[in-house]
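What follows is a single structure, written as structure tokens, with notes after it.
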Amino acid sequence: MSDYIVVKCGGSMLDQLNDVFFDCIKKLQQKYKVVIVHGGGPEIDAKLKDCNIKVEKRDGLRVTPREVMDIVQMVLCGSTNKKLVMNLQKHNLLAVGCSGCDGNLLQVQPVSKEIGYVGEVSYVETALLKGLINMNYIPVIAPIGINENEIYNINADNAAAGIAAALSAKELIFITDVDGILHEGKLVKKTDEFEIDTFIEKGVITGGMIPKVQAALASLKMGVQKVSVVNGTKDFAEVTGECIGTTVTKGVNIV
């Protein structure tokens, strides 16, 4: 069984992370080898508005022409990545920040010409991640990738799923500001790919949770053992290394 865990933290969560989150990362690190992938959407939006550049998304993906890609790269690889690295180290968690173009870490296939420099993960150079982890660092990855010497923006959920699949990770953890997937106000503690599809069809899962569960299902199909959706502002990791939230597994129909 793989002992890797990938933690995905969206850009909207980065400013909400508190001591509890970092304590949970410490608990996970005692049991597993941890990789963190982050987003940066709100800061990118703010910087684009400062530059009088239109913020545009299609099907949940940021339309990324060259001038937008330059700002995406600046934010994700610069201030956002380094802020998270410094916060980890402030809590005595040694971390190294890098992007998917460093060491050819994340190679991508372009999604479509219509949305510009946006790619989906096609290959992960896991040797770089494993090398950093073996030196007791937590890799902190900005979701930028490369294709034919061009830099591409990657949806952070897709980047995390791709990395988790390449590592055959034990678990992919999505950090959110809710306790997990909720149905009629109650937490769904365990679910699977069949029930997830039903939840989407019935409108139980909406908005920003949809790309997360879609990435979760994709990573399960690629070999990740389970996916958890947790509240990053609460204690989501037990001392056993198990997560408190919604756990999604493959092919166990519990409906």
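Glycine is treated like the rest: Cβ placed from N, Cα and C.
Sequence annotations record features per position, and here Swiss-Prot assigns substrate binding site to G40, G41, R62, N153. Feature annotation from Swiss-Prot assigns site 'Transition state stabilizer' to K8, K212; the stated evidence is sequence analysis.
The structure, with features from Swiss-Prot marked on it.
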{"residue": "K8", "record": "site 'Transition state stabilizer'", "DSSP (3 states)": "strand"}
{"residue": "G40", "record": "substrate binding site", "DSSP (3 states)": "coil"}
{"residue": "R62", "record": "substrate binding site", "DSSP (3 states)": "strand"}
{"residue": "N153", "record": "substrate binding site", "DSSP (3 states)": "strand"}
{"residue": "K212", "record": "site 'Transition state stabilizer'", "DSSP (3 states)": "helix"}
Widest Cα pair spacing in Å over the listed substrate contacts G40, G41, R62, N153 is 12
Spacing of the two Cα atoms, R62 (substrate binding site) and K212 (site 'Transition state stabilizer'), in whole angstrom, works out to 15
Spacing of the two Cα atoms, K8 (site 'Transition state stabilizer') and G41 (substrate binding site), in whole angstrom, works out to 13
Taking only the CA atoms, the spacing between G40 (substrate binding site) and K212 (site 'Transition state stabilizer'), expressed in whole angstrom, is 15
For R62 (substrate binding site), the number of neighbouring Cβ atoms whose distance to its own Cβ is within 10 Å equals 21
For G41 (substrate binding site), the nonlocal same-chain Cβ neighbours (under 8 Å, six or more residues apart) come out as G10, G11, S12, R62
